[in-house]
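Novice: Handing you this structure, nothing more for now.
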Amino acid sequence: MKRFNAKKNAHKYDYDAVVIGAGPAGEAAAMKIAKSGLKVAVIDPRKQVGGNCTHVGTIPSKALRQSVFNIISNRRDPILNQGIDYHLIPLNKVLSKAREVVRNQVETHTRFYERNQVDLIHGWASFKDRHTIQVALSDGAEQEVTFEKAIIAVGSRPYRPDFIDFDHPRVFDSDKILQMDYIVQRIIIYGAGVIGCEYASIFTGLGYKVDLINTQGQLLSYLDAEISDALSHDFRQFGVLIRNNEEIDRLETYDDCVILYLKSGKRIKSDALLWCNGRSANTDSLNLGAIGLEPIRRGQLKVNEFYQTSVDNIYAAGDVIGWPSLASAAYDQGRCAAAYMVGDENARPVQSVPTGIYTIPEISSIGKTEQQLTEEKVPYEVGQAFFKHLARAQIIGERSGVLKILFHRETLEILGIHCYGNHASEIIHIGQAVMESKGGNTLEYFINTTFNYPTMAEAYRVAALNGLNRVF
Ligand SMILES: Cc1cc2nc3c(=O)[nH]c(=O)nc-3n(C[C@H](O)[C@H](O)[C@H](O)COP(=O)(O)OP(=O)(O)OC[C@H]3O[C@@H](n4cnc5c(N)ncnc54)[C@H](O)[C@@H]3O)c2cc1C
């Protein structure tokens, strides 16, 4: 760890810019500022870089998902199936691979900071005024850091309602679940958003019985309805009991179980509860009042199109500004905020972000859904490719999955792409590139271009031909 250099820069401040938070948004911002030749420091209380993304969010959950995916594949393979009862292995043991990935990620990203000579200050930051941050250092000391401009990239944490005892050993949120060190047979997941659905896949893969409590009428209702229906169908097949339109009344906790009472009058007894209902931005410890900033809903900060808060030398990016609360976008938002800050004329705000949901199988989409196009009265058509018909899918044993292309029936412009099936989060990027190519966004691209064979990407050609057959 490099202790920051308190020598003043060419101006009157210690740093040209200070970034608060070493997650994806903070890292990308710091690298952009450093590459612009400015003196920058990043403040984060963790001894290791990577933010919540690397330590409790994206990386451990995706590595855990991969371990569970491998377990499922091995179970299906008579040669690899060793008769292991995976539901007798505690979750924190399944996470051993994830811990290795986290270690490697931290090493890689630490090198980025070193190579770009970004100072890392380990401590909690809070504002003293518009150009001064007070840092509570990890060794207990206090340090003042002055700066010309700052970027707030403090991320978010699971929202914890007061009436639930998260200190109870049978009550978890998405941070705490990574430490679950005992075996369960059944688990309740409260909240069926992306994180809730991803954990429902992980737990059923391990053989747990899952009660998934959805406060909405449909799973992930912003998805194309067919894809959302496919997910519900597969969840039910794998033993997830989905309860839609429900709301918690109270939770009773005991040494050996939890009982969830729902406002509809239902009660569910289970071994543990995982709370996945919302997140709060980490702004409460920043003393924002000292700079005249006031957070909006759940601690989030409002920014303009240049990622600037209402205080003109203070920018914000990543989960702390809300939409879309994805690591993928946080990197880009951090880089854009820094680009605007240093006056880069090529800076563009993040607007189009694909959906990537790592359930088993995956979901990914970009552009409009059938519901939206129907509502807007756009004359569209659908082209579909089912994975089970693709040579590559048959070779690698993919049984389910579909790629849907929605296109304008007159211009053949691609309006939306929706994919359900393994590798969906990768497959979507082919369509995304075509959709965003200037003058080249047409279904014909997939018919006139030779793709490798056999590949999953062939789904685009099959779907395009299928769609064209519907046009008359
Ligand atoms: C279970 C789970 C799975 C996810 N899966 C995906 C996925 O598959 N794909 C995807 O794109 N996104 C995923 N996400 C979302 C993704 O993790 C977040 O969008 C991303 O971490 C946001 O990055 P960030 O840089 O804004 O903040 P964070 O990663 O939250 O980092 C913020 C950092 O700021 C620090 N900080 C906070 N307060 C202070 C302070 N006062 N002073 C100094 N430092 C402070 C924190 O310690 C932290 O290190 C997932 C999230 C969860 C919880």
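Every residue gets a Cβ built from N, Cα and C, even glycine.
In case it's useful when we look at the structure, here is the feature table from TrEMBL:
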- K62, D319: FAD binding site (BINDING)
- G191, A192, G193, V194, I195, G196, C197, E198, G278: NAD(+) binding site (BINDING)
- 15-334: domain 'FAD/NAD(P)-binding' (DOMAIN)
- 353-463: domain 'Pyridine nucleotide-disulphide oxidoreductase dimerisation' (DOMAIN)
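Just tell me what is around each of these and how deep it sits.
Specialist: Sequence-distant neighbours of K62 (FAD binding site): residues of the same chain at least 6 apart with a C-beta under 8 Å from its C-beta are Y358. K62 (FAD binding site) falls within a helix when secondary structure is assigned with DSSP.
Counting every protein chain shown, the number of other Cβ atoms lying within 10 Å of the Cβ of I195 (NAD(+) binding site) is 23.
Per-residue confidence over the domain 'FAD/NAD(P)-binding' (15-334) averages 94 (mean pLDDT, predicted model).
Per-class residue totals from DSSP over the domain 'Pyridine nucleotide-disulphide oxidoreductase dimerisation' (353-463), listed helix then strand then coil: 39 helix, 29 strand, 43 coil.
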Novice: Out of G191, G193, G278, give me whichever of these binding-site residues has the highest number of other Cβ atoms within 10 Å.
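Specialist: When each Cβ's neighbours within 10 Å are tallied, G191 tops the list.
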Novice: Once the chains shown are all counted, how many other Cβ atoms turn up within 10 Å of the Cβ of C197 (NAD(+) binding site)?
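Specialist: For C197 (NAD(+) binding site), the count of other Cβ atoms within 10 Å is 27.
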Novice: Cα distance, G278 (NAD(+) binding site) to D319 (FAD binding site), nearest Å?
Specialist: 12
Novice: Under 6 Å from ligand 1 by Cβ, which binding-site residues from G191, G193, I195, G278?
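Specialist: Listed by sequence, the hits are I195.
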Novice: Taking the Cβ of D319 (FAD binding site) as the centre, count every other Cβ atom within 10 Å, in any protein chain shown.
Specialist: 31
Novice: Identify all same-chain residues not among G191, A192, G193, V194, I195, G196, C197, E198, G278 whose C-beta atom falls within 8 angstroms of the centroid of the NAD(+) site's C-beta atoms; report them in sequence order.
Specialist: I189, Y199, C276, N277
